[in-house]
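Report on one structure; see the data block that follows.
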């Protein structure tokens with residue numbers, strides 16, 4: 001069995017390629033480039049609908065065909081993304097470097113998996129992505145391809161072609177009479193899905209520059225948000241939100257409702273400088289309005305239902321899971337093990353929370369659960385009917401025994 005790198009190093013033996021296609025400038029240029037570079041091979045465009053919005057998908061099929069693709073598959077992955085990737089991940093408590101809710105990272109495995117499925121369906125011998133050679137996504141996609149379809153060749157044009165700028169791409173398309181609505185003045189690099197939108201590039205490359213209001217698209221500025229708070233009631237079953245304000249909703253639709261209501265109150269903005277997998281630091285501005293509310297709701301119920309040791313273990317799992325997801329290692333035995341081990345704890349996360357939305361903040365102000373370990377009788381500072389404070393004396397003596405022995409030893 002060969003374990004050689006499947007990335008294409010020469011331009012032979014490629015007859016049909018499935019391209020992860022967005023309709024943007026990069027992937028519009030990739031289609032003719034593939035045909036020219038790989039001996040007029042057939043190009044099948046694939047677009048994953050992960051909730052990036054109707055505007056991003058409008059006219060996509062026609063655009064792909066006009067650019068030279070023989071077919072374009074647009075696959076609806078929205079519900080699957082939220083139910084099978086986002087919820088299992090946040091159930092582990094995964095949050096990268098303490099702030100990033102992994103919006104881009106969680107979407108890459110499902111996109112890669114669907115791309116492989118299309119490749120199998122059409123009998124392709126290669127897959128192609130438009131990720132740059134400086135970013136994390138090239139590793140995420142190709143790591144998934146290696147795990148799911150090691151026989152498929154992988155083409156990464158940004159690591160092959162000589163074009164280095166948007167102007168180069170525009171000139172390339174113009175020379176081939178391929179129409180595009182893109183311009184050379186694009187300010188930000190954005191990536192959107194149902195969970196979040198990321199913003200990079202432009203003025204954001206200097207961390208001394210405050211993001212302008214034009215950066216943000218999913219949320220209003222907190223200072224411009226309503227002067228009155230809004231309260232949202234959420235019901236949870238086995239770690240998933242099933243109702244918003246009493247209305248039963250699917251995982252994806254619940255997220256969409258929360259995106260709208262939380263975004264209107266400026267909730268979910270972060271501006272971070274993160275450590276990329278490839279070794280450099282990068283600045284990113286992220287908006288995750290609904291996800292921020294969901295994450296807070298789950299953590300609030302966990303506070304009620306998980307004992308101390310379980311919470312400590314879940315925090316350790318969350319830290320490791322965050323790195324696995326960020327680093328593109330979803331389809332690995334370790335990731336599968338962490339997800340499976342976390343499920344019994346997630347199954348305890350049942351109950352109801354009320355979240356207060358106000359000026360950029362999402363605060364859980366009410367919470368209850370049928371699985372709650374909290375007992376008002378035990379926690380009260382009143383009479384000792386159920387908790388005899390004298391019992392603490394023996395516990396403290398045993399708990400501090402090692403410290404006592406160490407101190408006595410040092411006095412000898």
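Glycine is treated like the rest: Cβ placed from N, Cα and C.
Quantities reported herein were computed from a predicted structural model and do not represent experimental measurements.
Positions annotated as ATP binding site by Swiss-Prot: 20, 21, 22, 23, 24, 25, 26, 27, 28, 48, 130. In three-state terms derived from DSSP, residue 20 (ATP binding site) belongs to an extended strand segment.
According to Swiss-Prot, the feature L-citrulline binding site maps to 100, 105, 136, 140, 189, 198, 274, 286, an assignment based on sequence analysis. Cβ-based neighbour count (10 Å, all protein chains) for residue 100 (L-citrulline binding site) stands at 21. Under DSSP, residue 100 (L-citrulline binding site) is assigned to a strand (E or B) in the three-state scheme.
Secondary structure at residue 132 (L-aspartate binding site), as computed by DSSP, is coil. Of all Cβ atoms in the shown protein chains, 15 besides its own fall within 10 Å of the Cβ of residue 132 (L-aspartate binding site). As annotated by Swiss-Prot, L-aspartate binding site applies to 132, 136, 137, with the evidence given as sequence analysis.
Cβ neighbour count within 10 Å across all protein chains ranks 28 highest among the binding-site residues 22, 28, 105, 136, 189. Cα of residue 22 (ATP binding site) to Cα of residue 100 (L-citrulline binding site): a distance of 24 Å. When the C-alpha distances from residue 274 (L-citrulline binding site) to the binding-site residues 20, 24, 28, 137 are tabulated, the minimum falls on 137. Take the Cα of residue 198 (L-citrulline binding site) and measure to each of the binding-site residues 20, 24, 26, 132, 137: the nearest one is 137.
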